[in-house]
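*Asks:* My questions all concern the structure below.
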Amino acid sequence: MSITLILQLMISGLCNSFILLLTSMGLVIILGYMKVVNLVHTEMLMLGAYICYYTYEVLGLPFLVCLLAAYLISFAFGAVIERLIICHLYGKMSETLLATFAISMILKQTALLAFGKSYKKVSYPIHKELHFGGVFIEGYKLALVVLAIAVMAATLLLLHKTTIGMKMRATTQNRAMTECLGIDTRKVDTITFSHGMGLAGLAGAAIAPLSAVTYSLGDSWLTNTFMNVVMGGVTSLFGTLVSSVIIQESIAVISGFSNSVTAQIIVLMLVIIIVRFKPEGLFTAKGRR
């Protein structure tokens with residue numbers, strides 16, 4: 001294997017790392033900060049992709065506007081199901097799993113009925129490629145790297161530099177004390193859950209040009225997003241970033257020597273071993289009490 005090919009695999013793996021980070025951040029917020037196993041997460045990726053298709057391809061809106069629309073619609077949907085269903089299930093793991101699984105199936109079957117089994121394609125908003133010797137980077141994937149970094153930075157600023165972020169972290173670390181201070185933790189819960197769902201919708205819109213948009217789009221992301229968050233540490237965005245790099249670089253390099261299926265199996269085994277010896281993940285912080 002040539003040095004050029006190895007470099008190409010490493011660069012592709014790095015770009016895919018940030019794409020995985022982008023698709024995982026919403027799950028970090030909900031699973032890590034709220035201790036809710038949100039099986040709706042990957043269906044929100046699907047919803048965001050459909051929103052992107054209809055706003056970008058059908059309505060012809062600017063792509064950044066489509067991303068914002070996907071976030072806002074997913075945020076609103078998250079607020080509705082949190083108020084109607086999820087708020088009654090905090091601390092009830094099995095009931096939450098059942099409820100989010102049911103919502104996930106309803107969303108998937110609704111998409112199947114509404115859009116059918118046909119694939120829809122979102123064209124690339126950026127078509128250029130960057131070339132460095134024999135190595136190239138797709139312009140759109142580079143844009144996704146920038147987007148992932150921007151979304152992560154914005155989320156960190158929200159959590160650590162704003163009043164609502166302070167309330168979100170306080171509710172996570174000590175709910176009873178936060179309520180004693182007069183903070184409306186119910187409202188904080190709704191905002192936290194909705195933001196996580198919004199991030200998932202935004203990510204779905206962002207990845208729409210990379211694959212065919214279909215009702216089953218979320219299935220292909222289920223394993224990697226949950227595996228990524230658990231390995232990185234469910235409350236750590238930085239841990240999720242590190243985990244994304246480990247997973248995607250490993251898949252890229254191993255695929256170069258074998259195939260993608262073998263690479264996925266080996267990486268899954270690697271994650272199981274890491275979680276066996278570090279069940280809290282590579283990085284961790286305090287969760288909901």
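Including glycine, each Cβ sits where the backbone N, Cα and C put it.
Not my notes, these are from TrEMBL:
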- 6-29: transmembrane segment (TRANSMEM)
- 62-85: transmembrane segment (TRANSMEM)
- 97-119: transmembrane segment (TRANSMEM)
- 139-159: transmembrane segment (TRANSMEM)
- 196-217: transmembrane segment (TRANSMEM)
- 229-247: transmembrane segment (TRANSMEM)
- 259-277: transmembrane segment (TRANSMEM)
*Asks:* With the transmembrane segment (196-217) as the reference, find which of 6-29, 97-119, 139-159 contributes the most Cβ pairs under 8 Å.
*Replies:* 6-29
*Asks:* Near the transmembrane segment (6-29), which residues from the same chain, at least 6 beyond its ends, have a CB less than 8 A from one of its CBs?
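*Replies:* Contacts with the transmembrane segment (6-29): 38, 41, 44-45, 134-138, 141-142, 144-145, 147-149, 151-152, 155, 192, 195-201, 203-204, 206-207, 210, 221, 224-226, 228-229, 232, 234-237, 240-241, 244-245, 247-253, 255-256.
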*Asks:* Under 8 Å between C-beta atoms and at least six residues away from its ends: which parts of the chain pack against the transmembrane segment (229-247)?
*Replies:* 13-14, 17-18, 20-21, 24-25, 27-28, 31-33, 152, 155-156, 172, 267, 271, 274-275, 280-287
